[in-house]
Amino acid sequence: MDWNAIHAQATAHMTAAGLQYEDGNADIDGGQHDIDTLAWRRYGILPRMFHNVADIDTSVTVGGRTIATPVFGAPTAYHRLASKNGEITSQNGMHRAGTFIVYPTNASEPVEHFAAEAQGDWWQQVYLFDNRKVSEGFVERSVASGAKALMLTLDCPGYRRDFGFRNGIDGTWEGASGNFPKMHMTDWTLNLATSITPKDIQWLKEISGLPVYVKGVMRPEDAVTAMNAGAAGVMVSNHGRRQVDGVVPVAYALPRIRRALGPDVEIFADTGIRTGGDVFRALALGANAVGLGRPIQWAAAAGGEDGIANMIERITDELAHTMNSAGVSRIADIDESFLVAGQGPSAF
Ligand SMILES: Cc1cc2nc3c(=O)[nH]c(=O)nc-3n(C[C@H](O)[C@H](O)[C@H](O)COP(=O)(O)O)c2cc1C
């Protein structure tokens with residue numbers, strides 16, 4: 001993937017404030033948002049011989065559904081930053097590439113309009129508000145619109161970070177909330193729940209009748225707590241490095257969580273994944289599938305629905321090539337034996 005070129009094209013089509021919001025992160029300590037990318041790439045890939053790689057299969061089953069590629073759209077707010085039809089364009093581009101997005105609570109398009117216009121199945125990301133009645137009302141709308149699963153974000157507790165809402169998209173068309181038109185970005189951030197307990201997982205299951213995944217888990221014990229509380233699976237994520245300044249990379253947290261949960265639990269991962277090689281490393285470290293956040297918005301800004309479908313197909317091709325040359329033909333067979341820590345390209 002030539003992300004420099006795609007990002008340059010995206011820059012030409014996004015507002016300066018929108019791009020700043022999209023690209024921003026919490027690393028005020030001199031960090032950059034590519035730290036997670038570098039962390040994945042500290043792992044070198046150790047190829048294996050004497051395996052038949054004539055027939056490479058990149059498909060995986062996620063939430064009981066088979067998708068063509070182990071890559072889906074992580075939930076990101078305000079897809080209108082990147083394209084006029086926002087989440088509809090994103091979902092349709094992903095659907096063309098055989099996969100889906102996790103549609104955000106804080107979307108540009110209201111969920112009913114999104115569901116009517118977008119093709120294929122999608123999941124609903126859930127931000128809880130201090131006022132659970134508001135959350136319940138939104139989950140009901142989402143279920144009625146056809147969401148197939150919920151993904152509860154744990155790592156954004158009434159956030160106080162300022163790179164988002166001081167940068168100028170608050171109050172603009174592209175920074176307007178489709179689902180809560182009266183709420184400005186600042187209202188949003190201040191109303192997000194500051195206390196989420198394991199009981200909220202069960203509550204969401206009960207009010208929705210849907211499987212509930214949890215997102216933003218970085219510690220093995222939290223992953224175990226979530227599973228014991230009835231979660232369908234976990235997404236290991238540091239929110240694109242947008243929450244904790246100086247957070248550890250997901251590449252560090254993921255294998256520990258896989259070991260704690262065992263082989264059968266569905267685990268997803270995101271942050272900093274940009275190429276098929278990155279996807280391969282995340283799968284080897286224990287993910288069943290991975291999420292892309294910013295890349296979907298950049299690709300949408302650069303080329304709309306086509307841009308997204310092409311980007312996912314390209315990353316999937318890169319993954320297939322990596323699998324072929326590393327000697328593995330099924331996603332389920334990619335394990336830690338294919339990686340060597342400290343021997344990848346970013347380690348030198
Ligand atoms: C602009 C932006 C908005 C985001 N909004 C949300 C959100 O509303 N809910 C959520 O759970 N995560 C949100 N995230 C985090 C993403 O789901 C994901 O964890 C992150 O983008 C992955 O890192 P990547 O952008 O490096 O791929 C957001 C990320 C970005 C970049």
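Cβ from N, Cα, C; glycine included.
A TrEMBL annotation is a machine prediction, not a hand-curated record.
Summarising the annotation, TrEMBL assigns active site, proton acceptor to HIS239. Non-local neighbourhood of HIS239 (active site, proton acceptor): THR153, ASP155, CYS156, GLY216, THR271, each in the same chain, at least six residues away, with C-beta under 8 Å from its C-beta.
Feature annotation from TrEMBL assigns glyoxylate binding site to TYR21, TYR127, ARG160, HIS239, ARG242. Cβ neighbour count for TYR127 (glyoxylate binding site): 21 (other Cβ atoms within 10 Å of its Cβ, all protein chains included).
Feature annotation from TrEMBL assigns FMN binding site to PRO75, THR76, ALA77, GLN125, THR153, LYS215, SER237, ASP270, THR271, GLY272, ILE273, ARG274, GLY293, ARG294. If you draw a 10 Å sphere around the CB of ILE273 (FMN binding site), it holds 26 other CB atoms from the protein chains shown.
Look at TrEMBL and you will find 1-344 tagged as domain 'FMN hydroxy acid dehydrogenase'.
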Fewest other C-beta atoms within 10 angstroms, as judged across THR153, SER237, THR271, which are the binding-site residues: THR153
Closest of PRO75, SER237, GLY293 to TYR21 (glyoxylate binding site), Cα positions, binding-site residues only: GLY293
All-chain count of other Cβ atoms within 10 Å of TYR21 (glyoxylate binding site): 26
Secondary-structure category, per DSSP, in which ALA77 (FMN binding site) falls: coil
